[in-house]
Amino acid sequence: MFATPLRQPAAANHQTPKNSAGMDEHGKPYQYEITDHGYGKDAVKVLHVSRNGPVHAIQEFEVGTHLKLYSKKDYYQGNNSDIVATDSQKNTVYLLAKKHGIESPEKFALLLARHFINKYSHVEEAHVHVEAYPWQRVCQEETRTNVNGKCENGVQGNCDFSSIDNRSLHNHAFIFTPTALHYCDVVIRRTDPKQTVITGIKGLRVLKTTQSSFVNFVNDEFRSLPDQYDRIFSTVVDCSWEYSDTENLDFLRAWQTVKNIIIRNFAGDPQVGVSSPSVQHTLYLSERQVLDVLPQVSVISMTMPNKHYFNFDTKPFQKIAPGDNNEVFIPVDKPHGTIYAQLARKNINSHL
């Protein structure tokens with residue numbers, strides 16, 4: 001299944017249609033019923049190249065398509081007459097990419113989900129998951145050649161590789177920059193006029209060396225951690241949000257906006273930073289600002305594991321390294337604290 005499943009069976013809302021239970025080969029009903037089902041194709045990898053003259057653009061996706069059929073006869077009787085083969089679903093990904101192009105994970109997922117619902121009347125629900133590979137255009141200054149401290153013959157432009165001009169972008173060369181993963185989930189149900197569009201950020205790893213504290217927490221017989229007035233704060237952010245309105249929405253710009261908001265609330269001003277009294281507070285400020293800035297977002301969920309960096313104790317080694325140590329730390333990724341919260345506008349029903 002998908003890394004981020006959207007829907008879980010809800011027993012309270014589940015209504016079993018009459019005669020939905022399976023029949024055996026003698027026409028007698030089984031004593032069990034299928035309460036959830038579906039099938040699909042996962043890990044379909046596609047690269048789309050947009051060739052606009054000499055300037056090319058690329059999108060590389062990993063796509064999963066899952067369908068839920070009205071009928072369960074493929075399970076109960078082994079009757080495959082309603083099955084849209086997973087190989088056909090794979091082909092659909094490539095053919096729609098060829099026919100319509102690829103602009104963003106969300107738009108492509110919506111295109112695929114609508115296709116399955118519109119083309120196959122026996123499909124009850126279509127769920128599409130897309131993960132975007134983080135390619136960025138190479139800066140021209142990164143392609144200059146330097147030999148023995150001098151520019152190679154025939155190479156024009158600045159050969160100072162310590163300074164990269166981000167405005168000079170290469171026409172057709174790209175570099176893989178896995179800072180964070182952009183993914184989305186789209187669910188369209190034939191009986192529900194509202195489509196579900198969820199976008200997410202996965203694996204955004206950040207660290208700051210000061211302006212983080214953790215003090216005045218519960219002090220009892222189980223506590224061993226002292227108050228920390230200045231510590232290293234590092235986390236790997238996973239975040240997802242649901243759109244209530246996608247009309248004329250620039251999905252790529254919205255995703256970048258959320259990412260920038262998270263980084264800004266974590267890091268603060270480049271010169272002075274921002275104080276983080278707890279991971280919880282930083283997380284909440286990020287979520288609140290997303291809802292303030294993007295009215296199309298109805299609910300946002302975020303997880304921030306606390307990746308610890310502990311001071312190496314130099315006290316037993318004063319002859320070798322005298323004085324206090326605030327420069328050498330031991331990274332400890334396990335065990336780690338995990339902080340999460342979901343922030344929603346009032347009176348919102350979410351699929352997060």
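A Cβ is built for glycine as well, from the same backbone N, Cα and C atoms used for every other residue.
Site annotation for urate in Swiss-Prot covers Thr86, Asp87, Phe214, Arg231, Val279, Gln280, and the matching candidate from Asn248, Asn260, Asn306 is Asn306. Record note: among 1-32, 33-64, 1-32 is the stretch given as region 'Disordered' by Swiss-Prot. DSSP classifies Arg231 (urate binding site) as coil under the three-state reduction. A straight line from the CA of Val279 (urate binding site) to the CA of Lys41 (active site, charge relay system) spans 38 Å.
Here Arg231 (urate binding site) is compared against the active-site residues Lys41, Thr86, His308, and the shortest C-alpha distance is to His308. In sequence order, Asp227, Gln228, Arg231, Pro277, Ser278 constitute the residues six or more apart from Phe214 (urate binding site) in its chain with CB-CB distances below 8 Å. Rounded to a whole number, the distance between the Cα atoms of Lys41 (active site, charge relay system) and Asp87 (urate binding site) is 7 Å.
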